[in-house]
Every structure is written in structure tokens, then in C-alpha cells.
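**Q** In case it helps, TrEMBL gives these features for our protein:
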TRANSMEM  20-39  transmembrane segment
TRANSMEM  51-68  transmembrane segment
TRANSMEM  75-95  transmembrane segment
TRANSMEM  101-119  transmembrane segment
TRANSMEM  131-155  transmembrane segment
TRANSMEM  167-188  transmembrane segment
TRANSMEM  195-214  transmembrane segment
TRANSMEM  249-273  transmembrane segment
TRANSMEM  335-368  transmembrane segment
TRANSMEM  380-411  transmembrane segment
TRANSMEM  423-440  transmembrane segment
Amino acid sequence: MLEKVFKLKEKNTNVKTEIIAGITTFLAMAYILGVNPLILGDAGMDTPSVFMATAISAGFASIVMGVIANYPVSLAAGMGVNALFAYTICGTMGFSWQAALAGVFVSGLIFIVISVTGIRKAIINAIPIQLKLAIGAGIGFFIAFVGLKNAGIIVANPSTFVGLGNLADPTVLLAVFGILVTIALLALKVPAGVFVGMVITAVIGIICGSFFGMEGMPVLPESIFETSFQMNGLGAFMDGFGELFANPLTTFVVIFSFLFVDFFDTAGTLVAVANRIGLVNEKGELENAEQALLADAIGTVAGAALGTSTVTSFVESTSGVEVGGKTGLTACTTGVMFFISILFAPIILSAVTNAVTAPALVVVGILMAQQLKGIDWEDFVYGTAGFVTIIAMILTYSISNGIAFGFIAYTVAMIASGKAKEIHVTVWVLIVIFVIYFALPQLM
């Protein structure tokens, strides 16, 4: 049966290799189980419930990807888009988490429609590659900033806006230690380096708290296997539709922001993995692209229904590909591992603090920032758009603001350079909407 579904012989692989690859991918992605509940918890969500939703949606979506598309690509609640959910949609814009979940659900339904009709691919092609890269890198800087802020390494300062935190604080020192250890692990190419770095940081924190009485450190739960299966976010998106659709303009911004970020997370990951395993043809097109995009969209709808932010394809899937994963059996194995992880919820929720997640956020930010190398900085138009996108995301503490300002800067620079005719009609439509969005509050 496995041979029939996953075509193992045709792909020149075997069950053992695929299972090992799936476990490897899980270890590389496992940090999301601790990070996502903390980030969405900042939006007022119940962290144990978010943990359950994160694990179940990741398991389900990864298996769907494996069976439908036969890709060794696993999915989970995405980094970056969860920050968008908590700090921009719920934070800056003031939406409740229920309304934000409704936005995720609607964006997932739209994804399903545009995936099966081919519109998704057409829209991706309309956005300049330089802007795609800048947005990805900008989200990386934003995520790293969130990690440093939450860990107390960077704090507010009335004189300089931001400043260095209290390095005499044991929890801050633990976060700094964790970041340095994780950087070293990745430099040494240790498999699942981000996850291993989090584990080491948590263990050191538990030792410091248990044996030296340091406050604010990670702790072990009283009962290791007493998992709470509560899911307060299950179906909660239904309660958010009224708030989400109260203002058509902000409704568009919320849904578009989720759509946009997931758009390029998925596209980038699928291209990266497909290139590694030879699923890109001579025209640069991905085999089974429609099925893979559909699986991703289904994952987002399921995640919103369960109570978590947008589920997307993880670039960490390349870690499984590196050890031989070539088929959907790899993704299915990863999915099963996420379901098994539910049994260890008490450990993850008790031992994973902001100091423990900081290494993951900072290092993932570093990896995402590598997209900067693809931006043509010698071209003033693209350099300006890239710079504005990134700096606006960080300084306005808003991913969607960064995207909007980046598009506006790109358009102005293109017009001034006499290249207005080269701007795609899709970009013009987005520019009009962004300008209205920024101008309307000032006119009201």
C-alpha cells in the first residue's frame, strides 16, 4: 500500500529512509510547539489550548500534504504569520483573537479557491521578486526583535526609544546563553540545531531554578504525562465574524495580510524543497504544485477551526530532504510525530519560557534574513523598496505596515525612474487600497 500511495521505488527511496527523514524534520520543527503558544498567548489565547491546536493541525496538515501531493514537506503554524496575528492584527489593530481566527479561516477558504483555479500562481508571479525577498527578510528581523524583546534583552528606553536590558537578570542571561549556544549549533551544522538549542537552554534553566533558587526559570511539571486536552479555541472563529466584517477596509487588510505572508512562505518552501529533490521542470514549474498548494490551504482552514494561526509549509522540511526524504511518507511520519507530541504537553508548556524561545526566534530570524542577498541593492528602486519594507516592519512593530510602505516606496521609485509602465496592474490595485487604508483614519 505504501508503495502504491508514495511511489517509493519510482522515487528511489525506501520506508526506513522516509521514516528517518520524517523524524528529522519533526525535530527541526518541534520548536513551534513551544513558541506558538507563547506568541498567541500574547494575544490573549489560552496557551494549553493553542498547544493542542498547534500539534493537531501540524499533524493533520502534514499528513494531507504527504497523501495529496506526495511532497516531503511538513506544515505547522507559521513563524512570522503568528507574530502578525498576535502583535499586528490583535495588538496594533485591536482585533480580538476570535476575529483574527476568523480572518485566518476566510484566508484559508480563499486559498482553496485560488489554488484549484490557478489564480494563486498568477498572483505570485505578479509581485516583483525583490519585494517578495524583502518581505521575507523583514519578517525575519521582526521575529528576531520579538524574541529579544520578550526575553528582556531589548527593553523600552525613554531617552533612546530602545535599550539593552538588565544583564544581571538571570532570565536575560539564560536567553543570551541560549542564543549563543543555538548559533554555535547551527554553525556546526548539528541536525535540528534550533530544537537542540531550546532543549539545552531549558535544561540549564531548570537546573538554575531548582538547585540555585533563581526566579523566573523554566520548571518541570508536577505530572509529566497528565495532558490537558482542553481546546478553548476550537470553533472560536465563528464568534469573530461580526467583528472582522464590521469595517470593510480593515477586513481587507486583515485577510490580505494573512494571505500575503502565507503566499510567499509556501511558495519559497515548495521551491526550495522541489529543487532539492528534482521536482522542478526546465520551465521552472513545480510538479504537483496545485496539489501542494491545496494541501497548504486545507491546513490553514483546519488550523483556524482548531484555534491556531495560519498553517503553512515549513522550510525546515529541507532537513528531512537532506537525509534522504523524497516522498509524502516523510511528511506523514512528521505528522504522526506531532500527534505523539501531545502526550508531552505538560513538559513543553512548563519548561518553555520566553528565555527558551528567544534562541528559536532569533535564529529563525537570521535564517529568514538570508533572503537579503537576493535583493539587487545596486538598483535604487529595489534597494529603496527593500529597505523601507524592512525598517517599517520593525519600527512600526507591524508586518502589514511594512508590506504597505514597501509597495508604496516601490511604486513611487518606479514612477520617478520612468518605469511606471512596468508596474503590474495587481500592484496598482494594492497601492490604491493601501493609500486608502492609511488616509481614511486621518479623514474620519
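A Cβ is built for glycine as well, from the same backbone N, Cα and C atoms used for every other residue.
Have a look at these and tell me how they're positioned relative to everything else.
**A** Sequence-distant contacts of the transmembrane segment (20-39) (same chain, at least 6 residues past either end, Cβ-Cβ under 8 Å): 45, 47-48, 50-51, 54-55, 58, 72, 74, 76-77, 79, 82-83, 85-86, 146, 150, 191-192, 194-195, 198, 308-309, 314, 316-317, 319-326, 329-334, 336-338, 341, 348-349, 351-354, 356-357, 360-361.
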**Q** Look over the recorded stretches 101-119, 131-155, 167-188, 335-368 and say which has the most C-beta pairs under 8 A to the transmembrane segment (380-411).
**A** 131-155
**Q** Is the transmembrane segment (131-155) close to the transmembrane segment (51-68), in the sense of at least 3 CB pairs under 8 angstroms with a sequence gap of 6 or more?
**A** no
